[in-house]
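Undergrad: Please read through the structure below; I'll follow up with questions.
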């Protein structure tokens, strides 16, 4: 594989390697063992829609980004729709980062409490606020080069987490005797499982950029196959491993099940904590930039102060949501069902059909796109409904 293609492949792996790795063991008992086949089906569908996005780019040399594709297909409305789904997805992912950090830090330091006058914060809520104080200054940076470099270790971090969990099971005494149901398929839990699976493959906003950066664009489908295959093997291995260890008792993040006193557990948890801290600014910056672009004319000489204010308010708002909805798996299932399914499945198909027209498609293409649209629509409706109901149930 040429050096440029290998570099793009690594960037693709980083785009697909995220905190979804921690939730797949929880998704497995939700959907049953058969749902692993659906993990593979979701991966195949998302790979194909990634290819469709790049075919859309070939239709017009001026297309460089995902919103450009939306505009080429549906005009200004298409650009706004793609941007809206992408920004809301990024916002909720940033919120999920805070929840994840709070959950795992609370496991490492149980009973932590800080009291300032009449205000007292303890446990997960305390750590959500502390992590926000740490990441807020990183959002003010003009250059995120260092953070991008650190967060690009996502592939390495994913492998370390899986190996640490395996070590905890095989060497540190956890074992593989988790008790779970033998039911091969749980219909009631499938919407949640599918939402979490789709959440794992939310790299589509990056694909046009990766495609544009390749000198040998004909290698892109092959490169994307490698990325999806390796990530799916990693996700599948973690799902099976976590479920064999803890059965139906596996928590929304498998790291929360690990015995905190063991070195392997600390390695897994600290590795888990690193990526969200480095990625938070990278995730919220596109949202902040869009807001700043809207008010740039009114800012004048105070543009820098406005930028800091916008980004600080953005951090504060994610803190408020994280404290109000501290349900990591349910929130990520909602992101997968309502937002990722649109960005990764429905919109690529709709844009491709709009740009090239149904008559130009082969029968195989038509069947594949039709199947993805049906699957995506079902997940969007049922997954969003069940995720919202679970969140509402947790609140009341």
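Placement of Cβ uses the backbone N, Cα and C atoms for every residue, glycine included.
Curation does not apply to TrEMBL; its annotations are automatic.
The domain 'Amino acid transporter transmembrane' feature in TrEMBL is assigned to 6-386. Here TrEMBL flags 12-28, 34-54, 80-100, 112-135, 147-170, 190-211, 223-247, 303-325, 331-355, 367-388 as transmembrane segment.
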Undergrad: Counting Cβ pairs closer than 8 Å, which of 12-28, 80-100, 223-247, 331-355, 367-388 has the most of them with the transmembrane segment (303-325)?
TA: 80-100
Undergrad: Among 34-54, 112-135, 223-247, which stretch has the highest count of C-beta pairs below 8 Å with the transmembrane segment (80-100)?
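TA: Going through each listed stretch, the top one turns out to be 112-135.
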Undergrad: If I count Cβ-Cβ pairs under 8 A between the transmembrane segment (190-211) and each of 12-28, 112-135, 223-247, 367-388, which range comes out on top?
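TA: Per the Cβ under 8 Å count, 12-28.
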Undergrad: Sequence gap of 6 or more, Cβ distance under 8 Å, 3 or more pairs: do the transmembrane segment (367-388) and the transmembrane segment (34-54) meet that?
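TA: Checked: the transmembrane segment (367-388) vs the transmembrane segment (34-54), in contact.
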Undergrad: Give the nonlocal contacts of the transmembrane segment (34-54) in its own chain as ranges (CB under 8 Å, at least six residues past its ends).
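TA: Apart from its flanks, the transmembrane segment (34-54) reaches 24, 27-28, 66, 69, 184-186, 190, 193-194, 197-198, 200-201, 203-204, 207-208, 211, 217, 220-221, 224-225, 228, 231-232, 235-236, 239-240, 344-345, 348-349, 351-352, 368-369, 371-372, 375-376.
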Undergrad: The transmembrane segment (331-355): which same-chain residues, six or more beyond its ends, come within Cβ distance under 8 Å?
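TA: Answer is 19-20, 23, 45-46, 49-50, 52-53, 55-56, 59, 66, 69-70, 72-74, 78, 81-82, 85-86, 88-89, 92-93, 95-96, 99, 191-192, 194-202, 204-205, 325, 361, 369, 372-373, 375-377, 379-380, 382-384, 386-388, 390-391.
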